[in-house]
């Protein structure tokens, strides 16, 4: 078989972005399905918390294992494998009738979701010139907002009328996209030209924690943990929080859809600023905005304040995610880039395990949401401190 022709940056962004969109759509739909299962299966907050956390356990395992595999067999192959993993798993989960079976499948789906994100960002970052790399990666991450919007629309129109099973079957259709990727997507040119492909996975893991890279690895691991801990604690529970505050399921879905709309301007503003002010400082500013919004969302005592804080939370938090995905691969050379991105993202997914567990546990004990969201506020501020102390600027640096 002949070598595939190079792909334009715009087409690569669209191709990888669609994979990112499907990933976000699955995660977004899960937040609405948790709320639906709360009603249909009469789940308690203690049971609800495990759905999001098991998903994050799978994402942690997937981010680490598929990151290692991407440095061994290539970015493209792993991108396709992870896409098939979560799309087929979602389709099968539409037919389960017990929480235990649903949880097992959410672990498998989570592995695909967790593996796809760092591999896709690595693939794109290696194909873009330094002057545009940060902006393109943030724009790649903006597909996450479109996926969440699609999830909110599907949940609003499909779940109340046709059930949560129909929503999951729709996400399974993304498996067909893998067939397109197999023939249209070339692998990373930097990976293809790499002479160190025969390095063992263990050698790559050791290199990530070697003296030369331990500072960015520790910094990114802490930041990813705090950001993902807060994100999944807050966003997976948004529809359920609205339900627990007394709104109907339809009202809850409407309000979360409104909040989700703010994600796109958050991404676009970060994409515009990242090549002007740099990764480090834009990340700090957007995380501070996230912390403040989380605090006011938790303490809101009126619908208008709740929606305003929710919109700002979406704007700042998802903008920060975009910058973090641009910032992470730039810390490592090509030989260990996917391993480094996957390893630090795996620490983040561990945070994603504890976030939903924390909310479910505290909500079951009738702890106020002002206290719960204050905890997330503090976690985000810890990430800010870590970046300020240990982070370096990587704006427009040439990738090794």
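Note that Cβ sites are derived from N, Cα and C of the backbone, with glycine treated the same way.
Annotation source Swiss-Prot lists topological domain 'Cytoplasmic' at 1-14, 71-77, 120-142, 187-217, 275-280, 326-343, 392-400. Swiss-Prot lists 15-35, 50-70, 78-98, 99-119, 143-163, 166-186, 218-238, 254-274, 281-301, 305-325, 344-364, 371-391 with the feature transmembrane segment, giving sequence analysis as the kind of evidence. The feature topological domain 'Extracellular' is assigned by Swiss-Prot to 36-49, 239-253, 365-370.
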- prompt: In this predicted model, what is the average pLDDT of the topological domain 'Cytoplasmic' (187-217)?
  reply: 81
- prompt: Any contact between the transmembrane segment (143-163) and the transmembrane segment (281-301), i.e. 3 or more CB pairs below 8 Å with pairs at least 6 residues apart?
  reply: no
- prompt: Taking the transmembrane segment (254-274) as reference, which of 50-70, 166-186, 281-301 has the most Cβ pairs under 8 angstroms?
  reply: 281-301
- prompt: What counts of helix, strand and coil residues does DSSP assign across the topological domain 'Cytoplasmic' (326-343)?
  reply: 15 helix, 0 strand, 3 coil
Sequence-remote partners of the transmembrane segment (78-98) [C-beta within less than 8 Å, at least six residues beyond its ends]: 16, 19, 22-23, 26, 62, 66, 69-70, 105-106, 108-113, 115-116, 119-120, 123, 164-166, 168-169, 171-175, 177-178, 181-182, 185, 338
- prompt: Short question: which residues 6 or more past the ends of the topological domain 'Cytoplasmic' (120-142) have a Cβ under 8 Å from it?
  reply: 7, 9, 12-13, 16-17, 19-20, 70, 75-76, 79, 187-191, 263-264, 267-268, 270-272, 274-275, 279, 318-319, 321-323, 325-326, 328-330, 334, 337-338, 341, 395-399
- request: Count, for each of 15-35, 99-119, 218-238, 281-301, 344-364, the Cβ pairs lying under 8 Å from the transmembrane segment (50-70), and report the range with the highest count.
  value: 99-119
Query: What stretch in 15-35, 99-119, 344-364 has the biggest tally of Cβ pairs under 8 Å against the transmembrane segment (166-186)?
result: 15-35
Query: Is the transmembrane segment (218-238) in contact with the transmembrane segment (281-301), using three or more Cβ pairs under 8 angstroms as the rule and ignoring pairs under 6 apart in sequence?
result: yes
Message: If contact means at least 3 Cβ pairs within less than 8 Å, sequence distance 6 or more, would you call the transmembrane segment (99-119) and the transmembrane segment (15-35) in contact?
response: yes
